[in-house]
């Protein structure tokens, strides 16, 4: 699986850089990038120990409510405060978050070329004046933070779409790798809740669209187009991470039990069984058969 994961990483890197030199169909780019990101995140989530953060049924039920509260808060912030001020604060927040996410994403590749001592020996740093607060890190993490910091500085200064996408992909991969639904029941509750959440805020209120247009942060992937009026197609990170953590749970279940058909068959049959279709009795098919014989 590691070799396939490395190939997926290379493919994802190449696809991210491709629009700089050639025209890439944005629809194809969106689909392939999302699939590769989910694949990489799912592969990285397979570990001897479960992911560090596990969601309970109660958390899944509350998630749409918490998301709604955050969305409304951002809507009112942008409405009553200067957009530049709000986005400046958000840029600082995502600058720090981006360094952490990108460093963690690059760390497995960087660790292979560093001494074992750099990977294993912990450095404990205490905050000045708050000695009870401490941070643990390794030299390898410091090395990984260097390219992470460079990309974050580039993003903060230029807001270039490639820097935005690099940070966005790092957030997606880390989200899929580190978060766990715990059970398929929890996943079903979460997806059902977010299904209603998305429909309500997108189609029945102007809140989601307004926040998305005002929010200048790497919370979406940008795909260059040939249309001057609409230079980018966009894909929200949540549209990758939320399905991704569900797929990651299915992969870990498969790795632990190795019963792929156990969940593939119900997934395929479950929905199609509801459709009343008999190919032998289909009149449309009968009309096409003589033509096919000719």
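Using N, Cα and C of the backbone, Cβ positions are placed for all residues, glycine too.
Bear in mind that TrEMBL entries carry predicted annotations, made automatically and left uncurated.
Database features, via TrEMBL:
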- 7-24: transmembrane segment (TRANSMEM)
- 59-82: transmembrane segment (TRANSMEM)
- 88-110: transmembrane segment (TRANSMEM)
- 162-181: transmembrane segment (TRANSMEM)
- 188-212: transmembrane segment (TRANSMEM)
- 232-253: transmembrane segment (TRANSMEM)
- 260-277: transmembrane segment (TRANSMEM)
Touch test for the transmembrane segment (59-82) and the transmembrane segment (188-212), at least 3 Cβ pairs under 8 Å: yes
Contacting positions for the transmembrane segment (88-110) when only residues 6+ beyond its ends and CB under 8 Å are counted: 9, 44, 140-141, 143-145, 147-149, 151-152, 155-156, 166-167, 169-171, 173-174, 215-218
Top Cβ-contact partner of the transmembrane segment (7-24) among 162-181, 188-212, 232-253 (pairs under 8 Å): 162-181
